[in-house]
Amino acid sequence: MHRTKLINDTDNVYSTPKEVGIPMIVITFCSIVISSIVLIVLLKTKKGNFFKWKVIDRFSGYTVICDILFYLSQTAYGTHDWLERFLNIEISKLECTIYGVFIMEFQLSQVILNTTTAIYAFNLVMRSRNMPLGKWDSYLLCPAFGIPLVLLTIAAFFDQFERNPVSCLLKEERGFLTSHFLQIGLLFLVSLVLITALYIIIMIYIIRQTTAMNASFGQQSAVNARRLALKLSLYVLIHVIQFGAGVVEAVWIAIEEPPIGVRYATVFIGATGGMMNGAVYLRVYKN
């Protein structure tokens, strides 16, 4: 069975208990199913050239594709981990690196996409300006997928991936200037603060406009404004839930070895992201 060492030099068998591993696989599979339904709805309801779709629909498309690829990577790792104890199919160093690159690539890409969506919404609502996205949305896609890919490829080249009790990710080290904390904890934290701040400003602006809209355009306009504020708050809440746990875990790892329950909770919360994102999109689409 695969053995490695915690960074406190104590031996640890990194094989997730089936009571945890099987539910994780089930949850990630459900997220894949929900995300796939959202993608099908998008493709069936939107006609014509993809790059002629509304920006928000293209953002939704990119996000749901990231969700599917991220959860496929997690499901593949979880299945390999589960089979390890029964078929003696050990996860090699190379396989762990590949899992780590794929898992982190689509996770970090989603963080960048969500942050860019918040900035775009802020410019649109507050300044009535559309951000230029370039041909084929290259100004969005190149940084969102390219930057994580370059950083993770460099990390893989310098053998910076290893197996931890729940996944294959960057090597865990103590301190706040480590590669693990900077690329996971700090990035997640900055995105949480920025997205929350921008959406709060947008919601305050919308709420303040509600009274004026009610007086000028009637009750229905005010109701629509409140609905928009509610939808924005749901996106903020999901991002905080999905990536907030990762920030807590990364800070904990930077200080000391976190309890195994914290690691399991972080994976479970992250695995539900596809279902939460899908539920919000389908609710918005229905309305």
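Glycine residues also receive a Cβ, built from the backbone N, Cα and C atoms like all the rest.
As recorded in TrEMBL:
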{"type": "TRANSMEM", "residues": "20-43", "note": "transmembrane segment"}
{"type": "TRANSMEM", "residues": "55-77", "note": "transmembrane segment"}
{"type": "TRANSMEM", "residues": "97-126", "note": "transmembrane segment"}
{"type": "TRANSMEM", "residues": "138-161", "note": "transmembrane segment"}
{"type": "TRANSMEM", "residues": "181-207", "note": "transmembrane segment"}
{"type": "TRANSMEM", "residues": "228-255", "note": "transmembrane segment"}
{"type": "TRANSMEM", "residues": "261-282", "note": "transmembrane segment"}
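When Cβ-Cβ distances under 8 Å to the transmembrane segment (20-43) are tallied for each of 55-77, 97-126, 138-161, 261-282, the top count falls to 261-282.
Sequence-distant contacts of the transmembrane segment (97-126) (same chain, six or more residues past either end, CB-CB distance under 8 Å): 55-56, 59, 62-63, 66-67, 69-70, 73-74, 76-77, 80, 91, 140, 143-145, 147-149, 152-153, 156, 159, 161, 167-170, 183-184, 187-188, 191, 194-195, 198-199, 201-202, 205-206, 232, 235, 239, 243, 270. Same-chain residues lying 6 or more positions outside the transmembrane segment (55-77) and placing a CB less than 8 Å from one of its CB atoms are 24-25, 28-29, 31-32, 35-36, 38-39, 42, 46, 91, 99, 102-103, 106-107, 109-110, 113-114, 116-117, 120, 130, 133, 137, 140-141, 144, 167-168, 271, 273-274, 277-278, 281.
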